[in-house]
Amino acid sequence: MAIGSAAASSLCPQAPTVITTRHVNSLRRSCRRNGCVPRQRRQQPHRPTATATVNATSPNVADRFDAADWDAFLRGYQSQYVERSYCIEDGMVEGTIPAELEGTLLRNGPGLFEVGSQQISQPFDGDGMLAIFAFKNGRAFFANRYVRTEGFVAEQQAQKLIYRGAFSVGNPGGGLYNPFDLSVKGIANTGVVHWGNKLLALYERDLPYELSTPELLTKGQTVGVPSEAKYFGAHYRIMQQADGQRRLVAFNAAERGQDNQLNLYEYDEGMHLLHRTEVDLPGAAFGFFHDFACTENYYVVLENPMSLDLWKMATKYMLGRACIAECIRFDPSKQARVHLIPRPGCSAAAREAAALRPTFETAPFFAFHHANAYEAGSGTKLVLDTVADHDGVDFSANFENSGPAYYEQNEGRGTLTRLVLDLQTGAATQHRLMARACEFPSVAPSANGRPHTHSYVAASRFGEEGGGWGAPQAVCKVSVSPEAGVSQPCGRDAVQQDLYFPGRQQYAQEPIFVPRPGSAAEDDGWVLSLVYDGIEDRTKLVILDAQQLSAGPVATITLPHMLPLGLHGSWTGSYLGPQSEEWQPTEYDIRRGVSLEKAA
């Protein structure tokens, strides 16, 4: 989904639309912003439930994403100045937290939308704020804290903007504007992973920042990459090897004139680098390489069909009147391209197939995030499930010039789409799996790089073909045979949807699947999703039974405050909360001042 979804590339690391803050500013004046402390909590909290009136088969066609929905959506982009840590109290929980649920949900996203009296030019340029929910013995612990990047600390101490963001127009810090300087502030606000006993906050064009637990103190940039491009990237894949060991696979992309260079890395469970693969892609400078997929034998990389708008660059960007992202446009005259890159240690047959047909072309679409990829047909085919904007994406769309009418057209409307690549013939076939707009796809960890049946997405509450859609307000489980499009038909009737819709003016975020300990079935576990309540101005964590989302949450944790709408998250089986049950709650308002930390 364009407005409000995460997006990134090497040039434009955050969002598929330019969401400016002047409109949000007027909204904020109507919101209570005293540290984002909400109104008094009700004694009997409302339990969000699934609804039968808004689902995959019987949408209410008279309903539309209206002005009230829009205003509530914008309220999710308030700054949260207060950092907190506390044990979740019984009164915050409705239902029962499963005793088997042990580990930590990690979340990352922008939390700050102004510095001093200056507005950050685009909400997704906001400084990264990490949040964790740690579970053990049916209890939970919460903490949120800003990553003390060098840029965040410097600007907070100066109480003014100093650095350019990915969507900055001109020079926000004042002084001479240099249009040839494409460097951006590292804000550590996009991805998060716990790997090799390190908790890492990730950003597209920077190295990871490591944080301590449970305090979330910033240790610094403790992980580097052995390549000329000094980036780790914001997306990664965790792969289960044949020997039972897991690998963290990460990548970065860097422009070289009109070309692009990809670096792909594989780390063992101790965060030791095992492999680096470097690939040059001619003519791919504007391919928007934000995410990738991985199978047993291949890295799977999508190159989006984009072009540089030279007129806008010469007349607006060079004069400091537009950001560089606005000069990159979807080009329907180009094909979307999928590149297959052999993984180190892949089979000889896979290496031969990739050498014969390294690139597949298909009808143009735009995609930021992929659900999964896997090999099928005894190695003769490869399947990539992705969220595809078939009508393209418009980087000039923003909160000021859009409003709810934005959702009456299809540009920027992403839908779950299956690409089937025939490794023998070079053919690439597209299958739209559903009409419902969606983003932030994920699968069970056991299915990563393998044939999967179930995907989980943050979705529009509207499921009909064409017509209106809306911001992500629901969590949807999409079930389809892994053979669909391979050896079986792949029509819409082959796809099942199970929808959790928390209600009007509620905004669901990226769903994370957590397997039940000892489970065998792919969907035996829970789906965790943050939901922003635009009415009460609070954030909830819903814990859903993955086998029946529409039954509603088995537990809902309602925080006594809001968290801004975030980007990506992950799950680790490690409990990262306090070891003592006598944890003393903490609360700190960053407006009192921040400094670089020296966490052990």
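The backbone N, Cα and C atoms fix where each Cβ goes, glycine too.
Just so you know, TrEMBL annotations are computer predictions that nobody has curated.
H369 (Fe cation binding site): 23 other CB atoms within 10 A of its CB, across all protein chains. The Fe cation binding site annotation in TrEMBL covers H235, H290, H369, H568.
Taken from TrEMBL, the feature region 'Disordered' applies to 34-53.
Around the Cβ of H568 (Fe cation binding site), the number of neighbouring Cβ atoms within 10 Å comes to 25. A 10 Å cutoff on Cβ-Cβ distances gives H290 (Fe cation binding site) a total of 26 other Cβ atoms nearby, all chains included. Same-chain residues at least 6 positions away in sequence with a Cβ under 8 Å from that of H235 (Fe cation binding site) are, in sequence order, G191, L202, A250, F251, H290, D291, F292, H369, H568.
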